[in-house]
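Annotated features, as they stand in TrEMBL:
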- Glu39: active site (ACT_SITE)
- His38, His42, His48: Zn(2+) binding site (BINDING)
- 1-87: domain 'Peptidase M12B' (DOMAIN)
- 93-158: domain 'Disintegrin' (DOMAIN)
Amino acid sequence: MERREISVALRGPVWLTSGVGNEDHSELPIGAAATMAHEIGHNFGISHDADGCCVEATASQGGCIMAPATGHPFPRVFSTCSRRQHQGLGRWERSVGNGFLEEGEECDCGEVEECTNPCCNPQNCTLKAGAECAHGECCHSCKLKTAGILCRQASWIV
């Protein structure tokens, strides 16, 4: 059974992104469907199945959808581990380092490896020592612009 990585997905709140794409090289529709199910699983926050997680289907039956790699025969079921992770779908759990500024965070520049914001501490989404801000039109070099300086156009609501 040949297995290889053929796609990637954002792990996080799919409703905050503008779209999801899938490119698959399988000649069978079930292959593309299995890949899409796997990647949409990631979009909903489901991780790859750990060893021993997939008891619902043997390798000769295709294994489980969230296996780190898939091939022929294609998987058709989610493991109990995946279903357990998915139960919180009704509300999105906050996640430090996901790139979205959420309640309780002072900043969020993504994961440690990808953060390029000099004002934000990616480990806990707090401002670095001495920083007053991390982003926005009124933030310059980790400091708020001086009072009286126009940061953005006024918007009048009548």
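Each Cβ is built from the backbone N, Cα and C atoms, and glycine gets one as well.
When the alpha carbons of His48 (Zn(2+) binding site) and Glu39 (active site) are compared, the span between them is 10 angstrom.
DSSP places the residues of the domain 'Disintegrin' (93-158) in helix, strand and coil in these numbers: 0 helix, 8 strand, 58 coil.
Averaged over the domain 'Disintegrin' (93-158), the predicted model reaches a pLDDT of 86.
In the three-state DSSP scheme, His48 (Zn(2+) binding site) falls into the coil class. Set side by side, the binding-site residues His38, His42, His48 differ in how many other CB atoms lie within 10 angstroms of their CB, and the most is found at His38. Secondary structure from DSSP puts His38 (Zn(2+) binding site) in a helix.
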